């Protein structure tokens, strides 16, 4: 009788534990339901200062030859007032508005109206209609993957203009850089505001929405998980990849053209920036289908963080090295140029192979070989908001056995290579490596918090098997 009662109590505890695990998954998987004061303070800081940071960096190059200290000295010593700096800043122009409107409209057309054909003739490329990951509400969205096609068409037209049509100068982006900044801000705030209104009044999937009741947090981090217009226009996929990342390589090409115009040559440092960042951009679009499984798509809701960030922060601050080299051309010695190139290529190799191992493991459900042998893994389970139980596997072999985010380590090596092309005269071009280190370290912690909320005790087993986040033996 006592044994029977104990068994009954054990089963009851197990049932309650399962309910608690399910509730935890429903509450924590994806964006938070509630906001603490520390998170709110961080949100307000970013909403206020992130636009000012972008303006300060671009203004420093335009008015102070990329010195971050000189504007502060002028202001603190009274040599200049804020109004003096602001009055010298180029304003929004009709020309910039037309350029930006045509650019965004063109990318919408390429994204929405031209189905992918690259996957039909490029071996190994995965394009066309692909499925994303399961959302917290248990939905599996479909996406039209055609970013590589959009990038190719855009750049073919760019070079056709350069060598044949000559409709516009290749320096058009640099020459209108600050007026275009105001256009990018208008789009970033407009799409973020629209996404919030849409989340309240006509969401794509109400079960994948989260409300904290705090206006600033909801505006920043987003309400809808996958806001869409119609069947195919997905806000996250479009704004994460287009128009900002397609423009990335065009921006660098415009910088190179300006350097040629000003100095009669393009330095090897500018060529390195174009090559290394071009590889990164091409890799993004070649693996766009894989991107559907990343934290941006799988966990982040769409708000100001992604909407404004992809329109303004990414194209303006990720291209600072090329902008700096327009004002301060650097001709590297052969040894330094080769060393920087090798650092960038090795970082890219680690970044790509680490992601490839994970993708291969997922596609084959573990029935593959990593470094010549069948991979080890930990099997996990989790619940979606509708109570459906899912299973997944976390690999502990290959680069993923070295560190839980070793792809980020490769990314940071490449980021450092971009910055080193600029020499050591100014700190401005090194903002990128500082920012990426903070971003990816924070992303590690944020991702692992979500994974723990999602997988529970299974995640503890995984972290015990792979104890380091980024650098084996250190962190």
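Think of each number as a place in line: the chain as shown, counted from 1.
Cβ from N, Cα, C; glycine included.
Taken straight from TrEMBL:
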{"type": "COMPBIAS", "residues": "1-14", "note": "compositional bias 'Basic and acidic residues'"}
{"type": "REGION", "residues": "1-22", "note": "region 'Disordered'"}
{"type": "TRANSMEM", "residues": "37-58", "note": "transmembrane segment"}
{"type": "TRANSMEM", "residues": "92-114", "note": "transmembrane segment"}
{"type": "TRANSMEM", "residues": "148-165", "note": "transmembrane segment"}
{"type": "TRANSMEM", "residues": "177-197", "note": "transmembrane segment"}
{"type": "TRANSMEM", "residues": "237-255", "note": "transmembrane segment"}
{"type": "TRANSMEM", "residues": "262-282", "note": "transmembrane segment"}
{"type": "TRANSMEM", "residues": "302-320", "note": "transmembrane segment"}
{"type": "TRANSMEM", "residues": "332-351", "note": "transmembrane segment"}
{"type": "TRANSMEM", "residues": "415-440", "note": "transmembrane segment"}
Query = At an 8 Å Cβ cut-off, counting only pairs 6 or more apart in sequence, do the transmembrane segment (177-197) and the transmembrane segment (302-320) clear the bar of 3 or more pairs?
reply = yes
Ask   = Hey, does the transmembrane segment (302-320) touch the transmembrane segment (37-58), meaning at least 3 C-beta pairs closer than 8 angstroms, sequence gap 6 or more?
value = yes
Inquiry  = Assess whether the transmembrane segment (332-351) lies in contact with the transmembrane segment (92-114), where contact requires at least three Cβ pairs under 8 Å among residues 6 or more apart in sequence.
reply    = no
Message = At a threshold of under 8 Å on Cβ distances, which of 92-114, 262-282, 302-320, 415-440 pairs most often with the transmembrane segment (237-255)?
response = 302-320
Ask   = Same-chain Cβ contacts of the transmembrane segment (302-320) under 8 Å, 6 or more residues past its ends?
value = 46-47, 50-51, 53-54, 57-58, 181, 184-185, 187-189, 191-192, 195-196, 218-227, 235-236, 239-240, 243-245, 247-248, 251-252, 255, 277, 296, 428-429, 431-432, 435
Task = Report, as numbers and ranges, every residue of the chain located at least six residues beyond the transmembrane segment (92-114) whose Cβ falls under 8 Å of a Cβ in that stretch; write 'none' if there are none.
result = 144, 146, 149-150, 153-154, 172, 176, 179-180, 182-184, 187, 232-233, 238, 242-243, 246-247
